[in-house]
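*Asks:* Found this in TrEMBL, in case it helps:
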type	residues	note
BINDING	B:26-33, B:143-146, B:180-183	ATP binding site
ACT_SITE	B:His33	active site, proton donor
BINDING	B:Gln57, B:Gln149	(R)-pantoate binding site
BINDING	B:Gln57	beta-alanine binding site
Protein chains: 2
Amino acid sequence: MEQCITIESLRHARNTLGNVGFVPTMGFLHEGHLSLVRRAKAENDAVIVSIFVNPAQFGPGEDFETYPRSLEQDMALLAKEGVDIVFTPKAGDIYPQNYVTEVSVKGVATQLEGASRPGHFTGVATIVTKLFNIVQPQKAYFGQKDAQQCAVIKRFVADLNIPVTIITVPTWREKDGLASSSRNVRLNPEEREKAPALYKALQRAQSLFQKGERDRNVLEKAIRDTLKQNNIEKIDYAKIVDPLTFQEVNPVSESGIALLAVPFSQARLIDNLPLALE
Amino acid sequence: MEQCITIESLRHARNTLGNVGFVPTMGFLHEGHLSLVRRAKAENDAVIVSIFVNPAQFGPGEDFETYPRSLEQDMALLAKEGVDIVFTPKAGDIYPQNYVTEVSVKGVATQLEGASRPGHFTGVATIVTKLFNIVQPQKAYFGQKDAQQCAVIKRFVADLNIPVTIITVPTWREKDGLASSSRNVRLNPEEREKAPALYKALQRAQSLFQKGERDRNVLEKAIRDTLKQNNIEKIDYAKIVDPLTFQEVNPVSESGIALLAVPFSQARLIDNLPLALE
């Protein structure tokens, strides 16, 4: 496994490979990331993983400085998976001082996470565009846990005619249902015990939908009620939306997806579940 | 020469070619465009020219509807130059209804043409990014006549790590010095007679610079005075700027460039000249 730090060295190393599957990450890798790597490994000649905590997608007051980092452990995990190249660029090379360009997405990027985190999806769209232009993969892999991120990426990739196929991989969950996330380590023991309620709440909405409930308000209330029953009082949002546009839909259709965001003391967690049987 | 109308057919045809030189145009081709094509032909295995009057780079009240078009004549000219593929996409394929993504550039894109034509460079940056992703050329060719457009394109290509080399080709001029432009046909006979004064005014500033004048205000006044002496009273701007950032600089350095924009009755013309000997 080769580690590339400069953009030039990555381009050079990439040119020796055939079809590339690309997994962009912010590091602190968990089983969810590794499931993306394994899928990429199965579907391509070679796999490139990037590790870059992207300052542009963190807002003021968000957790850029304290976002968990573990490069040495990440490298060991990726080597074990048979990854070909790990790209670990410096922020100064990705965003030189005279940098003035942004990729901005309206529509799907303006709801929910876009509303809660202004500028977040512009930061995501810009870094992913840059990484795609540097790595030039055939396919790129993203976790369904970040459902809106997946929708935003599919949107701008189509809109800008970027020649990369976007693959969404199902959310990896702990045994108790908590979606794997680098931020889970920031839950205190009491919060960690409560956290599986996020998935339970989404499952509750899914179950009601599958029994025939199509009223968005009823389904969203069921999510909020389940969270409250599990002593989670603060909820950022609990919504049923269309999975492509992220617009609220009522009555809810077969493609509807339930999403929630819950702030804990040191971490804000998100999760989602399609309402129809997967 | 093959004409491709759909994005899919262009991608398919492009895949049969080696290194591609790309000349994006809005059609109504003149000798300036053909000089780009000849340069592309000399430097690459194959040449692709696009003809697309891009609605996104015209503001409300600008001349999108009346922009001159001559597809049949353009095709004949390009066939004669030995162009491999002409890409003539439909606006509905380039901007489908659910399209929501923009490439926006600050800094260099905010001055002069950016200030006079809000949204213009966002439209340019977005379409050029899209065309690059569709055509995937090794090199792309732009005329120096649109100096700020060249600077904006070089800026976002670097910022987004787009793997295309941008080549700027010197301005093609009529015998009397008027810079070739598709919009020149919209000058009435009296205006056409006055129009070479744009180049004369820039040459006046260049001559003063080469005699040692470094005061931006003196050089800019010389441009305006020359225009007035030639009965051109309305001037959009006449400026000396840095050719990379398009910021005003005083005293003017060797890299300084003189630019002007002059509105005529049915056309707004721009031109520019580096102040140091070319």
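We number each residue from 1, going along the chain as drawn.
Using N, Cα and C of the backbone, Cβ positions are placed for all residues, glycine too.
Curation does not apply to TrEMBL; its annotations are automatic.
Help me understand the surroundings of these features in the structure.
*Replies:* Shown in sequence order, B:Gly143, B:Lys145, B:Thr171, B:Trp172, B:Ala179, B:Ser180, B:Ser181 are the residues of the chain, 6+ apart in sequence, with a C-beta less than 8 angstroms from the C-beta of B:Gly32 (ATP binding site).
Look at B:His33 (active site, proton donor): DSSP puts it in a helix. Residue density at B:His33 (active site, proton donor): 26 other Cβ atoms are found within 10 A of its Cβ, drawing on all protein chains shown.
Long-range Cβ contacts of B:Gln149 ((R)-pantoate binding site) within its own chain (separation 6+, distance under 8 Å): B:Glu113, B:Phe121, B:Val124, B:Phe142.
Spatially close to B:Gln57 ((R)-pantoate binding site) yet at least six residues away along the chain are B:Gly119, B:His120, B:Phe121, B:Gly123, B:Val124, B:Ile127, judged by Cβ distances under 8 angstroms. When secondary structure is read from DSSP and collapsed to three states, B:Gln57 ((R)-pantoate binding site) falls in the helix class.
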*Asks:* Distance check, please: Cα of B:Ser182 (ATP binding site) against Cα of B:His33 (active site, proton donor), rounded to an integer number of angstrom.
*Replies:* 10
*Asks:* Between B:His30, B:Lys145, which of the binding-site residues has its C-beta surrounded by the fewest other C-beta atoms within 10 Å?
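*Replies:* Relative to the other binding-site residues in B:His30, B:Lys145, B:His30 has the fewest Cβ atoms within 10 Å.
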*Asks:* Tell me the Cβ neighbour count for B:Met26 (ATP binding site), meaning other Cβ atoms within 10 Å of its Cβ, over all protein chains shown.
*Replies:* 19
